[in-house]
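Engineer: Handing you this structure, nothing more for now.
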Amino acid sequence: MNHLGKTEVFLNRFALRPLNPEELRPWRLEVVLDPPPGREEVYPLLAQVARRAGGVTVRMGDGLASWSPPEVLVLEGTLARMGQTYAYRLYPKGRRPLDPKDPGERSVLSALARRLLQERLRRLEGVWVEGLAVYRREHARGPGWRVLGGAVLDLWVSDSGAFLLEVDPAYRILCEMSLEAWLAQGHPLPKRVRNAYDRRTWELLRLGEEDPKELPLPGGLSLLDYHASKGRLQGREGGRVAWVADPKDPRKPIPHLTGLLVPVLTLEDLHEEEGSLALSLPWEERRRRTREIASWIGRRLGLGTPEAVRAQAYRLSIPKLMGRRAVSKPADALRVGFYRAQETALALLRLDGAQGWPEFLRRALLRAFGASGASLRLHTLHAHPSQGLAFREALRKAKEEGVQAVLVLTPPMAWEDRNRLKALLLREGLPSQILNVPLREEERHRWENALLGLLAKAGLQVVALSGAYPAELAVGFDAGGRESFRFGGAACAVGGDGGHLLWTLPEAQAGERIPQEVVWDLLEETLWAFRRKAGRLPSRVLLLRDGRVPQDEFALALEALAREGIAYDLVSVRKSGGGRVYPVQGRLADGLYVPLEDKTFLLLTVHRDFRGTPRPLKLVHEAGDTPLEALAHQIFHLTRLYPASGFAFPRLPAPLHLADRLVKEVGRLGIRHLKEVDREKLFFV
C-alpha cells in the first residue's frame, strides 16, 4: 500500500438526471468518403463530417452517432483537409443501443453529451458563450473593456447512465472597441486579436504601412474591396492594414484591417487596473459560485437538479530524494553533494564587460563538487559573439579542452538574441545557461537555480529517487513546437533512481498526432539506451503521453513491447480536465490521489495553500495491468526529479516535463543545431 491515509474531497462535479431511453439509443450513420482517406486522416475527417452534418452528432468508430433525427442533418456535402477535398455521404442505419457500463460506448454517449451542451449553450440569450464556456455577469468595467464572470463547463455520462456536469468559475475580459480605436487611446499593440464579425482569433504581428485600397489579394480585389464585398464595412471604418497570422502557422502573415479587428485582452494589458480586478478566488468562494452556476445550468438546460459529487482521496507517501545523501529539494545537493558526479569542465562567457567568475559562484561550485568527490575545472571564454568566426573558433577550442557547458552572464537580452546565442553554442555541442546581471550573492534562489540548470546541461545527475517502483523505465511523449510543424519528443528516466537516459526527436511532422512508426522509433531508442547502461532490457516500461492519446497512436509500440516480453503501462496525462478538488474538512497537500471511473484518476502533485484552489492532473490508464495506486505513486514521485528547479517542483512528472521543454526549445532554436549535442545532456532545461 502506497498511501499514508485517506480523506474525502468535493469535486467540482455534479450528478444530474439519468439519460432517457432515446438518448441511450442514438442514431447510427454510415459514412462514405470520396476519395478514401489515408489511415492517419480517417478519424480527423470523421470528426469534421460530424460537425458539418449538424445537430448533436459525433464520431462513433468508423461512422457517426447522433441524438438528432437524420431528417434534420446535412447528409451529403464536401469538406477539405490538408489541401485535399473530400465528398461525403451519410447513410442512416437506425438506432443503436449503447451501454454506459461499457467504457467505449460510454465515451460515445459522453461525446454526445458534450455536443448537446455546446448546442444548448449557443441558444441561450443574454450571455456570452465561447465553446463550453458561458459568461453571464459583469464583474468590472473600464474605458473600452469589461470583465464578465462565468464558468468553463463540461458534460459527460457516468457508468450509471446519468449526466455529470463539471463547473469551473472563470472570467473573460472583453474589449468593446476596434483595434484602431484601442490604439488611438495610446495602448500598446495587443498580442492577439479577433475578427469583429466572428469569433476567429489571430496573432497580431505588426501594423502595416500599405494602403488598404491598393494592397492586392490573390483573388484580384484589394484588401479593402474584399472586406467590402463581404459586407463587413457596413457601419464600420476599415482603418489601417494590420498583419496577422493563424496561431497554428505564425510564419504565414495575412493582411487585415484594424477597423475589423478587436483586441483580445489579458490582465497584462490591463495592468493598471489589475489590483482592483481581484480575479483570484479563495476556494470557499469558488466552491459557492460553482454550486450556484451548476444550479443555473441544470435549470436552463433541463438537466435536473445538480447534486455535488464527493470522492475518496488518498495521501501518497512522500518521495525520498537523494543527493550524496538524503535531501528535501534539489538545491540541497549543492551543499551535500550530487547523486552522481564525474570530472567536469565548465566555461564562463561574460557579455557584461566584467572579467572572471564571480567569487560566490566559483565558491558554490567548488564546494558542491568537493562534497560530491569529483573534480571541477573552470574556464573563461575570452571572445565575443560579435567576433563571428573568431568566436566560433574559441568555442571549438573550449570543446576540445573538455568543456561540457557554458554559463553566460549578460545584461538582459531580447529573446531573439538569446535564442541566436544559444543556437550558436549548441552548434559547437555546448549547452548554455544564461543568467542576467546584475547578480547579487543574496539572490540565492536565482543563481542556485541557474547553477543546477548548468550542471544538468553538463550531464550530471544532481538528485535521484530512492525506492522501488513498478516500471524500470519511464518515457514521456509530447507533440508540440513552433509554427505548423511539431516534434514528437521523448525524455526518459530510469525508475530505480530517476537518472536521465537520453532525449530523442524525430523529423518534424504536421499536427498534434505522433505517427505510430515515430512512436516506436522514439521508444526503441530509449530501450537501447537502457540496455547500454543496464546490460538488459527493462522488465516494465511506463509510457506517459501529454494530453489525450489519439486512437492507435501507440498500437505499433505496444505490439513491439509485447513481442519483446516487456510489460508496459500507457497513461494519458492531462493538464486540463482534472477540474478542482475541495477539502470536505481540513486542508489538502501534495500527493493526493483520487480514483475515479474507467481507470481514470486525479493526482494533485503540487499544491500551495496561498495559490488558490488545487488543480489536479487528470490521468487515464489507457493500457497495462499495474494497479492505479501504484501508477499514481510512481508518477507523483517522478514530479520531484526536474533537476533545474532547486526549490519548487513542477506539476508534471519529469519525463513529460522534460519532453515538453524539449519540443518547445527545439521549436525556438531549430533542430539543425543539435547534431553535436550529447543525447544525455539536458540542453533544454
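Placement of Cβ uses the backbone N, Cα and C atoms for every residue, glycine included.
According to Swiss-Prot, the record shows the following:
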REGION    1-99  region 'N-terminal domain'
REGION    100-176  region 'Linker L1'
DOMAIN    169-265  domain 'PAZ'
REGION    272-337  region 'Linker L2'
REGION    338-463  region 'Mid domain'
REGION    464-685  region 'PIWI domain'
BINDING   Asp478, Asp660  Mn(2+) 2 binding site
ACT_SITE  Asp478  active site
BINDING   Asp478, Asp546  Mn(2+) 1 binding site
DOMAIN    507-671  domain 'Piwi'
ACT_SITE  Glu512  active site
ACT_SITE  Asp546  active site
ACT_SITE  Asp660  active site
Engineer: Would you count the other CB atoms within 10 A of the CB of Asp660 (Mn(2+) 2 binding site), including those on all shown protein chains?
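Structural biologist: Around Asp660 (Mn(2+) 2 binding site), other Cβ atoms within 10 Å: 20.
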Engineer: Among the binding-site residues Asp478, Asp546, which residue has its Cβ surrounded by the fewest other Cβ atoms within 10 Å?
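Structural biologist: It is Asp546 that, of the binding-site residues Asp478, Asp546, has the fewest other Cβ atoms within 10 Å.
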Engineer: For the C-alpha pair, I'd like the distance in angstrom between Asp660 (Mn(2+) 2 binding site) and Asp546 (Mn(2+) 1 binding site), rounded off.
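Structural biologist: Checking the Cα atoms of Asp660 (Mn(2+) 2 binding site) and Asp546 (Mn(2+) 1 binding site) gives a distance of 8 Å.
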Engineer: Tally of helix, strand and coil residues over the region 'Linker L2' (272-337) according to DSSP?
Structural biologist: 31 helix, 14 strand, 21 coil
Engineer: Give the mean pLDDT for the region 'Mid domain' (338-463) on the 0 to 100 scale.
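Structural biologist: Averaged over the region 'Mid domain' (338-463), the predicted model reaches a pLDDT of 91.
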Engineer: DSSP helix, strand and coil counts for the region 'Linker L1' (100-176)?
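Structural biologist: Across the region 'Linker L1' (100-176), DSSP assigns the residues as follows: 21 helix, 40 strand, 16 coil.
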